[in-house]
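Student: Take a look at the following structure, please.
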Amino acid sequence: VGFKAGVKDYKLTYYTPEYETKDTDILAAFRVTPQPGVPPEEAGAAVAAESSTGTWTTVWTDGLTSLDRYKGRCYHIEPVAGEENQYIAYVAYPLDLFEEGSVTNMFTSIVGNVFGFKALRALRLEDLRIPVAYVKTFQGPPHGIQVERDKLNKYGRPLLGCTIKPKLGLSAKNYGRAVYECLRGGLDFTKDDENVNSQPFMRWRDRFLFCAEAIYKSQAETGEIKGHYLNATAGTCEEMMKRAIFARELGVPIVMHDYLTGGFTANTSLAHYCRDNGLLLHIHRAMHAVIDRQKNHGIHFRVLAKALRMSGGDHIHAGTVVGKLEGERDITLGFVDLLRDDFIEKDRSRGIYFTQDWVSLPGVLPVASGGIHVWHMPALTEIFGDDSVLQFGGGTLGHPWGNAPGAVANRVALEACVQARNEGRDLAREGNEIIREACKWSPELAAACE
């Protein structure tokens, strides 16, 4: 046969429109913007090749393996409606290309190399279909939605949280006091800001101690289970684990991690520890906009959210929907369902390119956080439903009477909305009225609404 060296078009090997996808394949939907003069088939095939077995030229060692068994295949290409020179390229990867239980390896393979590719002007990973066979190699969230409700003994409503502000500069003692006031007022959780790690003005161990004190004091006074997301993110994995272990020794219910800056390897280790030791894990998505903000390049957040469900986390920040554009609402709800449900049907109107079956992987609670206020409560309750965490930072701490009354205002607004919904009222239409009625018997809420 003889070995034939030389450069040949990717599409001869990697563009296979007749390919029938297997149940075990990992499927990817890429938004491809080819350079001028590059046909879309070649661009799609180039992505499939470079993210699997291909390189820029035919190599002698190709003969020592079965390319047909291991190569990625671009099996379908469609133009993006309303965009010039943009295509969705669907790529199927054989399962054997990936290490079991490693989100890190999955991303290194699929997005590690292709994004700097010359033939492409831009590239965005829009969605992934994770096959059941691969899902089963992951532990996933340490506990999941149902176990969390049982641990906290809170049912039939969204959970309430608050990020402690000012995020940097408070001493540990004052920080603990702010935590206590919010929890005492009626919140379920308070939160370390994502950039609170262990800085000179507040070392992590001091913060953990004072926050634990705040938790136990507020629990004793309210008769409710309380928590504070203690941020265990650190410069090394060993230090991160040390912080998580200390949190467990204090007996607190939940810790926190920045999963993109901390990295998937660290996150998965922490998630395993949390399941083994009964800690809930709150995940913050700091740095996500660097990756997901551009419409034509990067990775869509729904992929990062799927990856987090595999790596492990019980809560993850997922945007707020409120006050944003209408179109974003459906897209956001699409990945909120991807986080919570066992089975999600393909639905392009919500940005879901593939049907995803999570089998028995626990669900993740979406966290709505950022610029929300008591007036948003009816909309948030309606949009996110019971299985969510609503976080009001400035919306709690910005109350004219202080933190505890701010917490009271949020809790009253939430309970009023849940009750109204259970009585069959339409939160979307009557939301403002429901809040106004509640103001009559809650001076704290009335003050917050002024």
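Every residue gets a Cβ built from N, Cα and C, even glycine.
According to Swiss-Prot, the protein has these features:
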- Lys4: N6,N6,N6-trimethyllysine (MOD_RES)
- Asn113, Thr163, Lys167, Arg285, His317, Ser369: substrate binding site (BINDING)
- Lys191, Asp193, Glu194: Mg(2+) binding site (BINDING)
- Lys191: N6-carboxylysine (MOD_RES)
- Lys324: site 'Transition state stabilizer' (SITE)
Student: Please give the greatest C-alpha separation between any two of the substrate-binding residues Asn113, Thr163, Lys167, Arg285, His317, Ser369, in angstrom, as a whole number.
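Tutor: Between the most distant Cα atoms of the substrate site, 37 Å.
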Student: Far apart in sequence but close in space: which same-chain residues, 6 or more away, have a Cβ under 8 Å from Asp193 (Mg(2+) binding site)?
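Tutor: Same-chain residues close to Asp193 (Mg(2+) binding site) (Cβ under 8 Å, separated by 6 or more) are Thr163, Ile164, Lys165, Lys167, Leu168, Asn231.
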Student: To the nearest whole angstrom, state the Cα distance for the pair Lys191 (Mg(2+) binding site) and Ser369 (substrate binding site).
Tutor: 11
Student: If you compare CA-to-CA distances from Glu194 (Mg(2+) binding site) to each of the recorded positions Lys4, Asn113, Arg285, Ser369, which comes out shortest?
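Tutor: Nearest candidate: Arg285.
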Student: Give the residue from the recorded positions Lys4, Lys191, Arg285, His317 that has the most other Cβ atoms within 10 Å of its Cβ, counting over every protein chain displayed.
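Tutor: Selected residue: Lys191.
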Student: Distance check, please: Cα of the residue listed as 'N6,N6,N6-trimethyllysine' against Cα of His317 (substrate binding site), rounded to an integer number of angstrom.
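Tutor: Approximately 52 Å lies between the Cα of the residue listed as 'N6,N6,N6-trimethyllysine' and that of His317 (substrate binding site).
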Student: Would you list the other residues of this chain near Mg(2+) - those whose C-beta lies within 8 angstroms of the C-beta centroid of Lys191, Asp193, Glu194 - in sequence order?
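Tutor: Output for this site, in sequence order: Thr163, Ile164, Lys167, Asp192, Asn195, Val196, Tyr229, Asn231, Met256, His284.
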